[in-house]
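Pulled these from TrEMBL:
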type	residues	note
SIGNAL	1-26	signal peptide
TRANSMEM	56-75	transmembrane segment
ACT_SITE	GLU163	active site, proton donor
ACT_SITE	ASP303	active site
ACT_SITE	GLU387	active site, proton donor
ACT_SITE	GLU408	active site
BINDING	THR491	Ca(2+) binding site
Amino acid sequence: MLPRKCATWILLFFLISPTLINLSTSASPSDPRWAAKKRRLRDKVRKMFYHAYDNYMIHAFPVSFLFIISSRFCTSVRMILKLHSLQHDELKPLSKSFTDSLSELGNLKLEHLPQGYSGSALSLIESLSSLVIMGNNTEFESAIIWLSDNLKFNVDARVNLFECNIRVLGGLVSAHLLASDSSNRLGQGVYKNQLLTLAEDLGKRFLPAFNTPTGLPYAWINLKYGVMENETTETSTSGCGSLILEMGALSRLTGDPKYESAALRALRKLWGMRSSLNLLGTTLDVSTGEWLEYSSGIGAGVDSFYEYLFKAHILFGKEEFWRMFHSAYIAVQKYFRHGPCLLAFRHFGLAYRQGILNFVLVGDIAAANSSHREFFYVWEKFGVIPERYLLDHQMLHPTEKYYPLRPELAESTFYLYQATKDPWYIEVGESIVNSLNLYTKVEGGFASIRDVTTMQLEDHQHSFFLAETCKYLFLLFDDSFLVEQNYIFTTEGHPLPVLSSWHDRLPETYIQSNRTSLKAGNQARRTSAMSMQVCPTTMNSWECGGQQAESACHVPDARSDHRCLTDDECGVDSTNCRRRSCSIAGYCGLWLFI
């Protein structure tokens with residue numbers, strides 16, 4: 001056992017060493033060498049994207065296209081000759097073939113798979129906004145023309161409503177907005193709302209799923225025939241609570257309120273099912289409105305529900321969404337927060353991404369950074385991120401050792417860099433890029449990893465690698481797309497512009513992070529730690545116009561006199577978002593135990 005004094009010095013070193021490392025390894029953002037490094041990394045990500053995209057187009061459209069590709073950095077200039085319509089969903093990079101996987105998404109048992117289904121161009125749709133962000137308007141225009149001529153949704157295919165919504169409807173709506181904005185990306189007369197026409201056709205095919213006694217939608221819908229006979233009534237919290245962005249945007253664009261109304265009714269019903277603790281379960285029955293799985297968390301099956309509450313508030317300006325998010329966020333902080341991290345099930349997985357995203361939105365940057373460093377530690381340990389990692393035991397989950405090219409670490413790194421401009425996050429991004437090229441790049445694209453302990457590859461390039469992983473890495477190194485325009489990104493990484501015309505009531509101060517309540521006289525307005533360029537986690541208090549602001553993560557102590565018997569009677573501090581504890585004397589506070 002180490003002597004107490006020695007242990008104290010070791011602890012002190014670990015507390016200060018991250019700062020020392022930052023200072024020694026990170027150049028100033030204003031340094032020309034730093035700008036050159038970001039450009040180099042941006043170009044490296046662009047090459048990655050086109051290596052994945054070109055192989056998808058060549059092997060998943062083997063007869064549909066004849067390509068003439070000339071490029072130095074893989075930015076494609078193509079002459080496309082349509083021969084006949086094939087539109088496969090995703091690439092199999094090892095065998096250089098394809099899979100029509102839209103009907104398989106969320107279908108773990110691979111039940112009721114369609115016969116004769118040849119895909120819906122899933123990866124092409126998912127790539128549209130990435131092409132725009134990377135500045136390839138020529139390819140964007142060619143993809144729009146092909147989709148408008150060939151894509152049809154009148155197919156006998158049973159698809160997961162949530163997956164089809166975030167990937168296909170979200171991709172089409174986002175690309176329509178990008179194609180029709182004022183930047184004149186496309187040639188004159190080329191774009192005539194073709195993508196919006198496709199999106200509306202798909203949205204109409206979603207609506208039968210909402211014909212339930214509760215208004216909560218079925219998890220599965222047949223694109224041609226609607227809800228199938230004897231369809232399962234089980235769905236997830238995310239499945240019926242994460243539809244409002246895409247369907248709401250479709251209503252705003254078409255002027256037809258039925259899409260937003262259906263999604264909003266489902267969201268309100270779901271929120272009405274919350275417990276007295278303001279927590280929601282994981283799975284439910286859409287016919288009875290009863291929970292099937294009562295355990296709560298922020299991981300898979302629930303994560304995007306929280307995300308969409310806040311983003312819907314930004315996109316549509318409804319205070320209702322903010323009130324839901326604020327109540328849910330406080331409950332999550334109270335019951336799932338353990339130190340700086342959210343450990344809903346004491347495992348490492350999708351919950352970490354959602355925890356970091358929520359922390360950044362709220363402006364709790366210190367907590368987001370702490371969670372992110374845990375995230376990055378696991379990445380460095382294995383070279384990539386396993387699907388699940390048991391934190392308590394510092395070990396892999398025995399059955400979930402795979403890495404399917406997920407974007408969560410890249411996304412979290414992008415958000416934190418935008419919030420802090422800390423060069424360390426650029427270093428993290430570089431590590432991610434190097435690992436992806438080292439372990440997952442193959443001649444035919446980028447392959448998933450079946451087992452992170454052996455780096456055995458799996459023959460699948462998921463569409464979200466093009467929609468999210470490459471996009472967030474590119475934006476980390478080059479965020480010029482975001483200049484002079486506010487966007488929110490859907491859970492699938494599709495950008496939606498924040499438009500005042502979409503707001504029922506435009507918030508007084510729009511910011512890209514969470515708003516906190518700021519009382520001035522008898523009025524309350526919204527402000528943010530990020531908008532004031534301070535962080536409540538690093539200061540005892542922060543001021544705006546002489547008025548003290550209180551963080552949204554605040555949970556009051558159970559008693560007004562702050563007396564307590566156990567830690568459970570203590571809340572979350574309003575100034576730094578840290579959990580308060582009960583002292584030996586019986587008072588709640590931020591006590592330091594030595």
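Just so it is clear, glycine is given a Cβ too, placed from its N, Cα and C backbone atoms.
Whatever TrEMBL says is automated annotation, not expert-curated.
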Measuring CA to CA, name the entry from the recorded positions GLU163, GLU387, GLU408, THR491 that ends up nearest ASP303 (active site).
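Spatially nearest to ASP303 (active site) by Cα position is THR491.
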Looking at the recorded positions GLU387, GLU408, THR491, whose Cα is closest in space to that of GLU163 (active site, proton donor)?
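Considering only the listed recorded positions, the nearest one is THR491.
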Express the distance between the Cα positions of GLU387 (active site, proton donor) and THR491 (Ca(2+) binding site) as a whole number of Å.
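Rounded to the nearest whole number, the Cα-Cα distance is 18 Å.
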Taking the Cβ of each of the active-site residues and counting other Cβ atoms inside 10 Å, which one has the highest number: ASP303, GLU387, GLU408?
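Max Cβ neighbours within 10 Å, all protein chains included: ASP303.
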Validating a neighbour-count step here. Other CB atoms within 10 A of the CB of THR491 (Ca(2+) binding site): how many?
26
Between GLU408 (active site) and THR491 (Ca(2+) binding site), how far is it from one CA atom to the other, in Å?
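GLU408 (active site) and THR491 (Ca(2+) binding site) have their Cα atoms 10 Å apart.
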I'd like the Cβ neighbour count for GLU163 (active site, proton donor), meaning other Cβ atoms within 10 Å of its Cβ, all protein chains included.
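So the number of other Cβ atoms within 10 Å of GLU163 (active site, proton donor) is 20.
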